[in-house]
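Peer 1: Got a structure for you, written out below as structure tokens; questions coming shortly.
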Amino acid sequence: MVHIENLTKKYGSKLVLNIQELNIPKGQSFGLVGNNGAGKTTLFSLLLDLIQPSTGHISNNEVRVDQSEEWKTFTSSFIDESFLIGYLTPEEYFYFIGELRNRNKADVNALLAQYKDFFHGEILGQKKYLRDLSKGNQKKAGIVASFIGDPEVVILDEPFANLDPSTQIRLKGIIKDLAARQGVTVLVSSHDLIHVTEVCERIVVLNKGEVVKDIETSTETLRELEAYFSENIAVAAASVENI
Amino acid sequence: MFKNFTGLQWKSFFRSSSFGKSLGIKIFMGFMAVYLAVSLIMSGIGAYFALKKIFPESGPFQIINRFLIYYFCLELFIRYFMQKLPVMDIKPFLILPIKKSSITHYILSRSAVSFYNFLSLFFFLPFCGVLLYKGFPVLNILGWLLGIIAIVLTINYINFLVNKSDKILIVVATIIGVFYALEYFDLVPITEYLGALFYRLYEQPYLVIIPIGLAIFVYWLNYEFLRTKLFLDATLENKTKEAQTSEMAWTRRFGKIAPFLQLDLKLIWRNKRTKTQVFISLAMILYGLIFYTMKDFGPTSAMLVFVGIFMTGIFLMNFGQFIPAWDSEYYGMMMSQNIPLRDYLESKAGLIYVSVVVMFLLSIPYVYFGWEALAINFACALYNLGVNVPVILFFGSMNKKRIDLAKSAMGNMQGASAAQFLVGIPLFGLPMILFVLISWLGSFQMAITFLALLGILGFAIRKPILDSITKIYAKKKYGMIAGFKEKNS
């Protein structure tokens, strides 16, 4: 579904992303982990054509994202709160997104009904504008908005951050369901290793813009990831001692 | 502490992405400032002699004192629209070991060295120089000058209060209005009294403590006002208004631009800044009265073309120049959505078209000043529709500065700065030049017809024009996204 080739992104002389090749097949739930500055958000921004690659390109379902806008019809995303329109109520926002994705009110309402549990009665019918909702509730609205219009690719940057524990658990169920039953390609980034290993079939670890691990999730994965990230700390500590 | 704050201010200016653009404006402003300063100094020197010539029977100094109050009112008026309180983003400082009082003092004292305060010095210093040269006593002149400076500072701080709170605006406006009425209906000769008061400053220079006291008092008011606002919840408290939802089903008939039209209408109505602009625009329909009641302009003056473009295009300018920055908060989302950019722009253009038509309809009563007024306004409205709408949309593609719609009371309300007037050059300049040229070569009728035809032509070919503007927007997409992400620039 998603095909990345020779992709690099430089800011000045600093290389922040360098991926030789990466393929994400249709219907895969794909997890991206890495420390801050590893290039997770950069990769997602490139995927959404919000920034320009320095070299290489990304194809989304055979569409080159930097050349055509066709990918927008089947791709949806929630990166951060800047994806929300603050002066709309959640309902208005959902309908607006629905409109852009050719879904009428009834369609949107039908979809929202499925996420009643997820909203936990804090989103719909609150008579509040999105800008007045708490961070967590804003996130809920943004995530659900990205499910409108039956997208084939869903991109969620740090979806678990700021959510309360119950909502995190519900979200995990939703993401698994999307990939397994509806054949949606889900791309998720997270700092929480437990969440990604639970949700994703495949996990890619980025470090300083490069793919350092590409794992099919198994029962061993969590330990492997934890080992990798603590090793990093050990290496850093060792190099400090050497000085 | 002050040094640290100054350093931060400096950095936030030089490190913002719109630095290139604002530097250009700064340079332009610099030129204007030098020009202004020189002309003020010249008039400061010349004022004494000029007044002596015009009013030979009374002393120039007395005359100046009598007109001072007008000057101060004008200054307050100009400041209200132009000057902003230098605000830093104070949130990060609140939890640092910095006294809130020093943050407040810094913000306030920084404004004391603003350009506007020096403006009047450029006039009064040379004027006092001439007075001294003419043999006025040094001490008295010094007292008078100090008094003037204190009053200028008072105005400086009153302006901030007026800007921050509509209640104080109403109070100040009422006071000025009452004074004006008293004077106008010959009930109380206010200007004479005030002139005498200012003259007392000269006669008894120790009285300077009164204006100085006044300045300190207003500073203190500002301090109290700001100091209490330096809390997170003080800026948050009035935020949660109950949301009013509306269907706006009537927009449906506009077809595919309907969702954007709805969004734009909500944008305008639900955000304070855009909402004020609607009211300002409507009020500006009265602007023409200033010019039409002045006898100096004939009924066919080029100045009236300016007025016509301005009145019918005020919303076009106020709203249009910040396209697409109005949507800057969520521009990234818009660009990753399945949005036909052209529909997006078309909806904005449609909104402006409507505003131009409404403003023209409101301007019809100007026909009272002769059929020429109606003809000029009609031609200008057409010109705005056909030519200025694409022009402003084109300039919009250069916008890189974020607009925080939900900006709290700490932020500035006006947002209208020098940039607004820069865009005005092509918007106003071109039609005025065309008008002058053609009415000089031909006739008034020809010039007006030409402007109208130009507008009609532009409107007729709006589709291909919009297509090419859309391409420019698409090309500048990445720069806009990056620029709009930058807060506090």
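Glycine too: its Cβ is placed from the backbone N, Cα and C atoms.
Nobody curates TrEMBL annotations by hand; they come from automatic prediction.
From TrEMBL, for reference:
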TRANSMEM  B:27-51  transmembrane segment
TRANSMEM  B:63-82  transmembrane segment
TRANSMEM  B:115-135  transmembrane segment
TRANSMEM  B:141-161  transmembrane segment
TRANSMEM  B:168-185  transmembrane segment
TRANSMEM  B:205-223  transmembrane segment
TRANSMEM  B:276-294  transmembrane segment
TRANSMEM  B:300-326  transmembrane segment
TRANSMEM  B:347-368  transmembrane segment
TRANSMEM  B:374-395  transmembrane segment
TRANSMEM  B:416-438  transmembrane segment
TRANSMEM  B:444-461  transmembrane segment
Peer 1: Return yes if the transmembrane segment (B:27-51) and the transmembrane segment (B:205-223) have at least 3 CB pairs under 8 Å (sequence gap of 6 or more), otherwise no.
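Peer 2: Per Cβ check, the transmembrane segment (B:27-51) does not touch the transmembrane segment (B:205-223).
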Peer 1: So what's near the transmembrane segment (B:276-294) in sequence-distant terms, Cβ-Cβ under 8 Å and 6+ beyond its ends?
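Peer 2: For the transmembrane segment (B:276-294), the list is 268, 303-304, 307-308, 310-311, 314-315, 318-319, 355, 359, 362-363, 366, 369, 373, 413.
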Peer 1: Based on Cβ pairs under 8 Å, which of the stretches B:63-82, B:141-161, B:205-223, B:347-368, B:374-395 lies most in contact with the transmembrane segment (B:300-326)?
Peer 2: B:374-395
Peer 1: Hey, which of B:63-82, B:205-223, B:347-368 has the most Cβ-Cβ pairs under 8 Å against the transmembrane segment (B:141-161)?
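Peer 2: Between the stretches B:63-82, B:205-223, B:347-368, B:205-223 has the largest tally.
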Peer 1: Restricting to the same chain and to residues at least six past its boundaries, which positions have a Cβ under 8 Å from a Cβ of the transmembrane segment (B:63-82)?
Peer 2: 47, 51, 55, 116, 119-120, 127, 148, 151-152, 155-156, 158-159, 162-163, 172, 176, 190-192, 194-196, 198-199, 202, 414, 416-417
Peer 1: Other than its close neighbours in sequence, what residues sit by the transmembrane segment (B:205-223), given a CB gap under 8 Å and a spacing of at least six beyond its ends?
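Peer 2: Counting only partners 6 or more residues beyond its ends, the transmembrane segment (B:205-223) has Cβ contacts under 8 Å with 101, 104-105, 108, 139-140, 142-144, 146-148, 150-151, 153-154, 157-158, 160-161.
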